[in-house]
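**Q** Here's a structure for you.
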């Protein structure tokens, strides 16, 4: 059954997989109110259910829905009554002053004394609900309680993981003694709502009494309905919902009243309880409901109520409580009283709520926090007196003993201060004392809120309460002493302290000596486990330092050594880039504020230790003696709460460089973060070296100057044999030299040594272990050879082998030695095995050494270049730098070398001889080394790797549709398809997302970029990436002087372009004759151009623009590779010089698309457009209008490559089209283009907005009056015709798709005939059209054409019959202009049909070709037609891939190849639905869905019956449950024990295990299908399975014979009994008589009976109708009836009302037929595919039906059938979400409209989930049984004060 669009939006609120999806659904609900204001209360009543949901996401989404809805409700501002006007009766009744709560009667202390606490819940969910509990045996009751309690606590999974839960609680714990009512009444607490009503209200007004009466009337019916709603809504979150509850709501009634066209589906709450009174604010009743919910025992309901009220008041805070027919003064008073009433309710929540979430490091009280935000919104609109009264009550809460009450009070004050800054002068003095007490509270969560409450009013605090600030500052400093890793208030206190210290006044009032004592209190937080605390600590230090000048920093001197040590070791241990940058900022500020002498004195003793820390090996823990330990004072707790683990002693954790949390990362990632930490440490020490080398501290009279000491220290480490020591010192020298131009003492000490290092080849200490292992293994190998009398000792060094000698040993020496001896094969095998082991060790050792050697030489070279004292010979410097560019896998090292090369080139510009040209040439060669990026002219795309070839020819053909040759093809298209092939071919789970701390890697790279690459590609990628880093760095370094100072680079970019291309006389043939060499040179030049241009200084952009004509000429170069590179360069140019590039492109290049005689031009132009679109992304939007139509024209191009590329471009443009509206014309656009743009925009408006379509006047008479929506459909089809487009008309079944198609067919044939008669042009020549449909409908189509249109205009040929008949008909085709044939006939005669060019090809029920791999689909796609139209009421039946096949017929390539489609849409969508998916993957899935919907939107037209047919009677669907007969039960149970069932279990299990890697075997799947078929047949009738071959047949037959029964008695088939009763109830078969007493000729009801199987129809006919209901007349329509005769049966049934019943199979009778003669539909069986059942029932429920249609579905209870119905509902959600009513009005598609397609990836998972609890449970299933709250990030987002304040603006 169809779910309405509105219901789907609500379903998304609850089940949307991402917050983005839920928010989009919420926004669309707001749009509904905008268009249908009268639906306000209906919508709000539905939203209320979701505000009460147990699911956090659902409540937040419901709050967003409330926000979206109320934003579209006009502000309530009734016209005030003047004092002279008489008041209405209703307002006379009211007494506003008495009906509201007010402060005068409110006593918060009394409430605290007598009110019951509001906890997480009332505990009702843990009670056993059993009306007969008194009669049950106590043991049974306890057993049931135990089971229920285990389930609720998530302990029912214990046994599955081998954990016993029996002893957690015993029977005595569960037994209870009923408590007498009198005892309960003596309890001193009352429910909050009761207490408020009884104690604080003065009485009820007349209006309230009247309202109470109305509510009482509604209460009875609402109570039962609420129960049902609650059960229904909790199904998702409650696993153990009893089956009986679900069945209560199984009967679904679709009701449609005469004056309302909306369809009501499922249980919709009665909105009458929320109907507003005429003089009331429209939202009054809804707010009252929410106010009542504030005191619900369940925290989730309270939270939802607070959320709803907050959103309403943001938009309508000025309207609450106002009554119409009141004076202005009365309205103001009513408003303030209403606000006061609400404030008091919120204060009661603060007082009584005790629920808090302790999941994270800080308590989050969702109810109190949300109510505090709501209070903030209320106070915004309250008068000043009310604000002060509110604050007075909040202050009373701060005096209470319970920490939760104080916490709530401070939350209220926090938002009050933030919102009412206008009265801060009076508010702040009132509350400040209490807040300061809060800062000293024993409870750390209270302290956290107290600190947070002052952050937004820091400025006011400093200026208004200056005298209190010193005390607050001291309090905060003292609080730092009490904080530790587990305290909650750390972040808030650090933030407040940092905020206060930014004000000079605060600095002045701080005593200098005190900072010396206070600042060290920050040290522990530099090493805090939570990054936000570390950040806050650094920001506090930076604030302290930046607000001081050097003269007033005396407090810094005593603590300077410790501060330097803490910050440096913090740097070494940190892994976050953001925090590392902040460390550098604080360090530099510290060095600038402290005197140089003091810095040198403090730092020099520790310089050596710091260098050692920086040199720490990455795999070894740091010696804790080298770290300055931080001792935080232990916090003594005397009250409040203690978190788990707070009292435990902390373990001493091992520390590693770059953080212990990264130690388990993969080697590439770990190497990246460690190198980043070393480089940052080098920056800090480099800055420190500047201080040490300062002339002021290096006085001549000193014995030992600091600079000289530094030089000696650095030299000591450079003389070490450790690679890490050398690398670290070289890095420090680089950073120091970058900051300070010259320091002779250090330079003289280290420069010679650095030059020596560049020529040294050492075996470093770091490879000692593998080197020693290599020596030992080599000696063992030599010894093993000696054992078999092979002496090799004389050929190798007997002492220590070098790596080269070891390598020779295991290759040349070993092979020569063994080959000269005749060894036993077994001995030789053993020796070779040892050799391979040694060879592996040698290779590993060599690789480690090579990496270290290269890095040592590279950083030494960088140091020499940084010192700016280059030696005479530059080769030792240049060589390692270039090698790093070519070979280094760590991007940080490559980047460092790239920066050094840029500096080297700068220093060498004036040098003779100058090495720059050689360096540039080498870099350009390296840049072009990757054939995947820089194509080779002779072979433009690299040959397929063996891996792809191994996939087999079929998959390769499927994935790589486009072939590229030397002269033809589009490389961009090839790469898109190859990428899609790679993505869809990848097996296994999606790779994990890169963690946050390594996410900030250089663009285009990551720490683990080489993990998934083919080993053969890896060197190319590394070398190309290094060259790219180097060239972009060089270009940025030289800026605007690049062309002058580096003429060789400029020439490499544009030289071949100028020399090869003559823009005035371009001759492709002569270029071809010159051979491949100039073309390859041009390709390489363009690669350099692309790389360098993107980073070039804007001063050089005009020079680049001068070469645009050359680039455009290259787009028609005969070489594919040149065209490709030129297209990429045009793309880059469009990004850096958009206006100039696009103007020339539109004027010169875009017209080439129409050059159908020159495919080279077309390929170049379309590839360039693709590259421009890729580079500009949304920047292309201003030009879209001018691009769409030319691209559209190429979507049917004869050249495959052009067609595929054009469809891809068009698909992208279509998605961006909605953004085009309102974008101004780009500057400097020519007048011609602006004029053309206006013309093309008209087309776009029609494409995107169906309402702007031109009305199409059908030029031929049609014998029917078209309804408006049918005329709209014809207009749409005519629009497609005009622009040579194709589409899917997917109107709901029964809306006249056939008629609309006939109209456009007849109209276009007439138009073509007239045009041809006038012009005689070949393109207007009359052509026949083809309609392909299911065989049942061919006759129907011919009749419909004859009925609606004269043969003069459409002359159909019914092409059917056996082959000989069809051959005869083929000769008649020329005499007809319309051929109607079935799909099978077209498939069989495709050789005939493919040779005819058709005008229209219409596929009726076109979803038949949903599987593109069937012979039928392949045949249909061979048809040639000007226009292709698909008619289908259900274009998507199971999954989204079906849509690809339909569009592959309409517009091949529009959605890419099947693999591209799967890569772009299928893979992300599937990944986003995986339980393990990251938030990034979920977002990608949502965006993919949005992109797909947007892309296909203009080519789908969808209207639903309930939207367009006001006169169609309702359709009522009812499920009719039957219970299995004893015989069926026996057979069902026998099957459950059978071998067949075991086979199925094994198959499903193996399929589950293999689903990540491969699909289950076909044969195994067949077992499952057979088993399912068996059970389905058994549910229908035992005779269908109990055949003579059945093992139980004989026994059963004998048993029945004894009982005088047979297998065909209807008592054994409850469905037949139920069907008989239904027929009798409909007045059939019981000899029904008319009112006159005579037997009625025509029955009151006529019935369609649908079965799946022909054999079941036989049973219905022979076992039920003939023996039991002989008077029932019936016809039959199934597969046994020849297609040619089926139409006559349909006509006879429709035209002869005396035929009571039509028996049909769903497959034959469920498509396209018009059976409006029936008004009742019975499904004896159900289809796996819900669309088929839907189509079947709509045979009767369609245009022409005058009576209510009743649909009965016979379902056997508790069997497979119930699961089939559940599966149907799931698939319906898929189809309705993709192809929705939005397609009826294209303008309704906003950028935030998303689709939520899949919740499962294939059918079997639903059942699989149910069976997964047997045996050992997976961790996933255990976790799913436990409920939890949102994580901390989500809380931060929801309760961010900054976000909240922004939302009030």
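Here the Cβ of each residue, glycine as well, is placed from N, Cα and C on the backbone.
This is the feature table in Swiss-Prot:
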- 1291, 1292, 1293, 1294, 1295, 1296, 1297, 1298: ATP binding site (BINDING)
- 85-97: compositional bias 'Polar residues' (COMPBIAS)
- 223-236: compositional bias 'Basic and acidic residues' (COMPBIAS)
- 77-97: region 'Disordered' (REGION)
- 219-247: region 'Disordered' (REGION)
- 385-422: repeat 'HEAT 1' (REPEAT)
- 872-910: repeat 'HEAT 6' (REPEAT)
- 191-207: motif 'Nuclear localization signal' (MOTIF)
- 1404-1407: motif 'DEGH box' (MOTIF)
**Q** Sorted by position, what residues of the same chain at least six away from residue 1291 (ATP binding site) have a C-beta under 8 A from it?
**A** 1273, 1297, 1300, 1433, 1501, 1502, 1503
**Q** Around the Cβ of residue 1293 (ATP binding site), how many other Cβ atoms lie within 10 Å? Please give the count over every shown protein chain.
**A** 22
**Q** Quick test of the contact rule: Cβ under 8 Å, at least six residues beyond the ends. What residues does that give for the repeat 'HEAT 1' (385-422)?
**A** 103, 106, 108-109, 112, 336, 339-340, 343, 346-347, 349-351, 353-354, 356, 363, 365, 368-369, 371-373, 375-377, 379, 428, 430-431, 434-435, 437-438, 441-443, 445-446, 449-450, 452-454, 456-457, 460, 639-641, 1841, 1844-1845, 1848
**Q** Note down the number of other Cβ atoms within 10 Å of the Cβ of residue 1298 (ATP binding site), including every protein chain shown.
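**A** Total other Cβ atoms inside 10 Å, all chains included: 21.
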**Q** Using a 10 Å radius around its CB, how many other CB atoms surround residue 1294 (ATP binding site)?
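**A** Taking every protein chain into account, the count is 22.
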**Q** DSSP on the repeat 'HEAT 1' (385-422): how many residues come out helix, how many strand, how many coil?
**A** 32 helix, 0 strand, 6 coil
**Q** According to DSSP, folded down to helix, strand and coil, what is residue 1298 (ATP binding site)?
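**A** DSSP call for residue 1298 (ATP binding site): helix.
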**Q** Would you mind splitting the motif 'DEGH box' (1404-1407) into helix, strand and coil residue counts from DSSP?
**A** 2 helix, 1 strand, 1 coil
**Q** With the ATP site defined by 1291, 1292, 1293, 1294, 1295, 1296, 1297, 1298, which remaining residues of that chain have Cβ atoms positioned within 8 Å of the Cβ centroid?
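**A** Here the non-site neighbours turn out to be 1433, 1742, 1743.
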**Q** What are the DSSP helix/strand/coil residue counts across the repeat 'HEAT 6' (872-910)?
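**A** Secondary-structure composition of the repeat 'HEAT 6' (872-910): 31 helix, 0 strand, 8 coil.
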**Q** If I restrict to non-local contacts, at least six residues apart, and a C-beta distance under 8 angstroms, what lies near residue 1295 (ATP binding site) in its own chain?
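**A** Looking at Cβ-Cβ distances below 8 Å from residue 1295 (ATP binding site), excluding near sequence neighbours, one finds 1269, 1270, 1503, 1505, 1508, 1509, 1742, 1743.
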**Q** Work through the binding-site residues one by one (1292, 1296, 1297) and point out the residue whose CB has the fewest other CB atoms within 10 angstroms.
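**A** Looking at the binding-site residues 1292, 1296, 1297, the Cβ with the fewest others within 10 Å is that of 1296.
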